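Annotated features, as they stand in TrEMBL:
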type	residues	note
DOMAIN	220-394	domain 'EXS'
REGION	378-397	region 'Disordered'
TRANSMEM	21-38	transmembrane segment
TRANSMEM	58-81	transmembrane segment
TRANSMEM	102-126	transmembrane segment
TRANSMEM	138-158	transmembrane segment
């Protein structure tokens, strides 16, 4: 009606304004964490600073790398959503699967809470609250584990169940191997150093060595000479190896055996590296280190060839990717290089970027195979021209 009054519409902030506001808050939070962390480190004595930073790095660097992998996976899904690649069908996902926005939301929360916990750890330890400082990584790990394993319908229950079920299928390949099974297992091989650091961190938490230097003894249960380090490093490769054996049992394709051989080449790299702490120095230099170098070159070249030729099917474009240094794939497997923790962290991050690139080609290649198979089945079901002519000639006029 003309005389009716129109209620005033409350102005809502635009999405761009909200995004900028969140970005400013995120930046301010990051600056506060950096300022508090730096001041806390500078309060420590110089002789303890390096040891303490190494310990802090051990607890939190694997979680930073996990957050990086989640961010990159969200980018993968966003690119697939903009393209013709139907990743939902490739992975056989339910309609309630997480979109790239929800993946990024999970990565954002992890990116927030990990530096916050680390900053609290640095601040409390530098101000003499050692017991409170020691509780920070323990609480963080416990909260993340509870969220991951929670049976309640919260925090994306169906997606967490899908992830845990796939992990179980990876560890126990008692059934036919599906694409999500070996896809996730391949990603886990790139995160072998992350799993090793998580094991070292949990070991120190269980043995109450957090915020102490008891772990610095190399021969202790949580020291750098522990046999658990190579065992955890090799576990993703063994899982992938047995997946290939299972695939050969089901399909009888010889390429599965060649793929299994690729993963088996990581085993000597890992255990020859660990031998450095269990043999005499002259034996390591004269015999075991050359073997480690040779096995590392074999593993790197074999992995490089398989990614380009088999997984990506890019034999024509091999020269484009030859600029990449394959040796980086082996550095993360070597336990005797753990003391170069910043270098190993950078190499592991680069490996995740390589895996991020690998995802695009691998999923697209799988989608092309699926569409080609569907097109072939559709064409085989349709009658040919000669069949239609024979059918028409058999009719009585």
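Using N, Cα and C of the backbone, Cβ positions are placed for all residues, glycine too.
Heads up, TrEMBL stuff is auto-annotated, nobody curated it.
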Positions whose Cβ lies under 8 angstroms from the transmembrane segment (138-158), at least six residues beyond its ends: 63, 94, 96, 98, 102, 106, 113-114, 117, 164, 201-202, 205, 210
Same-chain residues near the transmembrane segment (58-81), Cβ under 8 Å, at least 6 residues beyond its ends: 87, 99-101, 103-104, 106-107, 110-111, 114-115, 117-118, 121, 137, 140, 144, 187, 191, 194-195, 197-198, 200-201, 204, 210, 341, 345, 348-349, 352-353, 355-356, 359-360, 363
Integer mean pLDDT for the domain 'EXS' (220-394): 79
